[in-house]
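Let me begin by presenting the structure, written as structure tokens, before commenting on it.
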């Protein structure tokens with residue numbers, strides 16, 4: 001039970017983690033992150049890499065949709081921009097991989113600024129449609145600008161190398177992707193401790209009074225689009241190094257919906273929500289597959305019988321979350337925290 | 001940082017929506033460091049005046065002058081930066097945030113943290129946020145007696161407390177002119193008295209020019225230095241609470257003159273214009 005958090009200074013109260021249990025959990029989490037490549041099998045490491053890429057992209061989308069209230073269905077297209085940027089730079093110029101990934105983020109952010117322009121005039125579903133339009137235009141560009149993208153046959157690229165070591169295996173790629181995920185999530189959390197993050201939430205909650213408080217709407221909406229696209233670009237760049245081939249179908253429109261579903265399931269407008277949602281959406285189909293595999297010991301032909309069921313169960317889980325837990329997985333975490341705050345006394 | 005109270009002049013402001021004339025050549029002055037009340041029957045144009053002052057509406061004619069500077073064409077965010085703060089008739093707080101964050105938002109326009117500093121929460125961003133937290137706690141939260149709710153979400157607060165948080169947010173804007181749109185509407189007597197005390201304290205301790213729209217005549221007569229009465233978009237009386245109270249035109253605007261001929265004439269005049 002926590003009786004109170006007695007802070008003696010304002011900086012202590014403004015810290016990201018304010019209670020002892022939070023710090024303990026964070027320590028455990030960090031140890032798990034570092035230990036993972038030594039413990040997990042190759043396949044699960046691949047899934048961890050994929051989950052972290054999705055965490056980065058979902059966190060970016062959460063800044064835009066969850067915190068700023070601008071619905072976007074273009075996140076996958078921005079990931080593709082990042083991936084193609086990395087592929088092009090790696091193939092044509094052979095620049096260092098860190099620079100390539102950053103360039104992917106920056107170029108995606110620049111395109112995000114343009115795509116964000118309609119947001120001053122249109123809101124909600126209309127803005128969502130505008131972002132869909134943008135992502136189909138980008139898809140067209142990927143297919144037809146063959147000089148850069150190699151068109152439908154796709155662009156293959158060499159693995160990232162650091163001091164002559166090729167980051168070709170998942171345990172090595174993990175050390176490329178994990179720091180990016182940690183840094184970007186931490187940065188997003190920091191954003192909402194400052195005036196910039198507050199301005200985003202103000203625009204989401206009540207844009208007119210945000211303007212009276214001296215928040216220029218267009219500048220902040222565009223900033224939010226740029227941040228979301230930057231995160232998507234970085235995620236796409238990492239994705240390119242993970243799969244080493246980028247085609248126009250690598251980031252289908254469905255990925256945008258997948259990411260939107262991730263932040264809804266995880267909890268819109270919370271940093272933890274982006275993480276939990278992306279991990280849940282990436283790993284649940286795999287966990288269900290493991291269940292099917294276990295079942296096939298007892299039931300012959302389980303794989304053929306149960307794999308369609310797997311998709312249905314996954315869909316049902318998402319629908320169930322929307323109905324039973326509309327504020328997402330973070331709400332479950334909060335409820336557990338509230339329970340232990342008063343434990344062993346009952347409310 | 002604060003540059004002291006400012007004088008606000010509304011000069012001959014006319015505002016038309018299609019054929020409807022919401023304001024007609026309305027003029028009044030809020031002297032620096034005073035409390036000015038704008039009163040009038042429903043639909044008299046009080047909130048329209050406010051929206052012209054804060055820049056939501058662009059007047060069809062006339063000027064808004066802040067300390068000698070014509071701000072008629074200045075956009076709302078830039079007006080905020082010049083020291084114009086307002087509260088809303090229907091509270092306009094941000095419901096997804098805590099009281100503390102709502103108040104901190106008031107200072108937005110004065111802060112300098114850029115995106116990169118915010119991302120790393122490093123150097124200037126950290127210093128600026130900590131200084132803001134200290135000031136908000138020590139100057140505003142203590143002053144308005146809302147320390148017990150600072151970490152609560154505003155959506156769970158009572159109406160009276162929400163109004164107080166809105167005042168707190170307006171104060172965080174370091175206003176030179178504070179515009180209050182019906183600060184005590186819907187409050188019980190105790191809450192009204194608290195709010196009256198806070199408004200007077202703001203005037204005394206912060207030396208802010210206050211302009212308020214209010215229906216509660218008790219409050220208006222008690223605390224204002226100057227009262228402007230609007231009726232059908234026109235200023236019909238202006239002066240100290242006492243002179244306005246005894247002005248027959250004011251009584252007529254609120255109660256009617258009791259003369260049917262006068263009413264017919266007024267309707268004819270309305271139809272003609």
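Positions of Cβ are set from backbone N, Cα and C atoms, glycine also.
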(message) Suppose you had to name the range TrEMBL annotates as transmembrane segment; which of A:44-63, A:124-143 would you pick?
(response) A:124-143
(message) Please identify the range among A:254-280, A:281-307 that TrEMBL labels transmembrane segment.
(response) A:254-280
(request) From the ranges A:201-221, A:222-242, grab the one TrEMBL calls transmembrane segment. (result) A:222-242
(request) Quick one: find which recorded stretch in A:20-38, A:71-89, A:124-143, A:254-280 has the most Cβ pairs under 8 Å with the transmembrane segment (A:222-242). (result) A:71-89
(message) Contact between the transmembrane segment (A:124-143) and the transmembrane segment (A:20-38) is defined here as three or more C-beta pairs under 8 Å separated by at least 6 residues; is that satisfied?
(response) no
(request) Check the transmembrane segment (A:124-143) against each of A:71-89, A:95-117, A:173-192, A:254-280 and return whichever range has the most CB pairs under 8 Å. (result) A:71-89
(request) Test the contact criterion for the transmembrane segment (A:254-280) and the transmembrane segment (A:95-117): 3 or more CB pairs under 8 Å, pairs 6 or more apart in sequence, then answer yes or no. (result) no
(message) Using Cβ atoms and a strict cutoff of less than 8 Å, what residues sit near the transmembrane segment (A:173-192) while being 6 or more residues removed from its termini?
(response) 16, 33, 36-37, 45, 48-49, 52-53, 55-56, 59-60, 62-63, 67, 97, 101, 160, 167, 198, 200-201, 227, 231, 234, 238, 241-242, 271, 274-275
